Amino acid sequence: MSLVVLKLGGSVVTDKDEPETVDEEGLAAAADAVATLAESGRVVVVHGGGSFGHHHAAEHGVSSESGSHDARGVRAIHDAMKRLNDAVLDALADRGVSALPVHPLSAGAREADGSLSLPLAATETMLDEGFVPVLHGDVIAHAGKGATIVSGDDLVVSLASGLGADRVGLCSTVPGVLDAGGDVIPEITAFADAADALGGSESTDVTGGMAAKVRKLLALGAPAHVFGPEGLSAFVAGESPGTVIRGE
Ligand code: IP8
């Protein structure tokens, strides 16, 4: 059965301007989409931090680069993400989806060079048993740094390559990867297709954002679709909203 990995950006399911506030409308639309996907295949959901994780991460000085050994601070970030994860699980349960949490803090770690190690036994067995695993951006133990942030996008890459996903969807508030004129680039098959708009190759990993995302998605063995909330139903229908990133 086909496997879809779908990332719901934090800005889609939360109100980014209000601390710890779910965007009920955004979450409902996203949960409807997951319910439809789950009817016809296997789905792994990943959600971002939005106004839950990022606010606490900033308060405790933790980022994907800067770590912390303060367990209280690490727990504050993780607990906020668990509250958002509960809201996502509840919305899915309300639609009859057998969704279960997988918390990256308890499942994986980063090596000293920042690379993510995410054992997949829990996620894989859940899928085999008909569940929909729901992971989230989190704080995670990082060799030599205490704990740092792992973004939902990093999790998507590990999950999609480790589980052999057939399709990947990244739903955020941008309608796709934009060119220098602000228009959506329909297809990217090599970094050069988007390099001008993304600021070339040197600055990419420092600035992170879309350039780093495109690089990682090009390395996947599956097409990755980057789209906004208005593209969700098209993605669910097997269409290609926004930008498709297809490494060769
Ligand atoms: O929103 C970050 O996940 P993202 C999660 O996918 C935290 O970057 C804990 C800030």
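Cβ atoms are placed via backbone N, Cα and C, with glycine included.
Automatic prediction, not curation, is the source of TrEMBL annotations.
On a predicted model such as this, the values are computed, not experimentally measured, just so you know.
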Additional site residue, Gly144, Gly146, Gly152, Gly162 [criterion: listed by TrEMBL with Gly49, Gly50, His54 for substrate]: Gly152
Secondary structure of Lys213 (ATP binding site) (DSSP, helix/strand/coil): helix
Fewest Cβ neighbours within 10 Å, where candidates are the binding-site residues Gly9, Gly10, Gly152, Gly209: Gly209
Cβ under 6 Å from ligand 1: qualifying binding-site residues of Leu8, Gly9, His54, Gly152, Gly209: His54, Gly152
Subset of recorded positions (Lys7, Ser11, Lys16, Gly209, Lys213) lying within 10 A of Gly49 (substrate binding site), CA to CA, in sequence order: Ser11, Lys16
DSSP-derived class (H/G/I helix, E/B strand, else coil) of Ser11 (ATP binding site): helix
Candidates Lys16, His54, Gly152 (recorded positions) with Cα within 10 Å of Leu8 (ATP binding site): Gly152
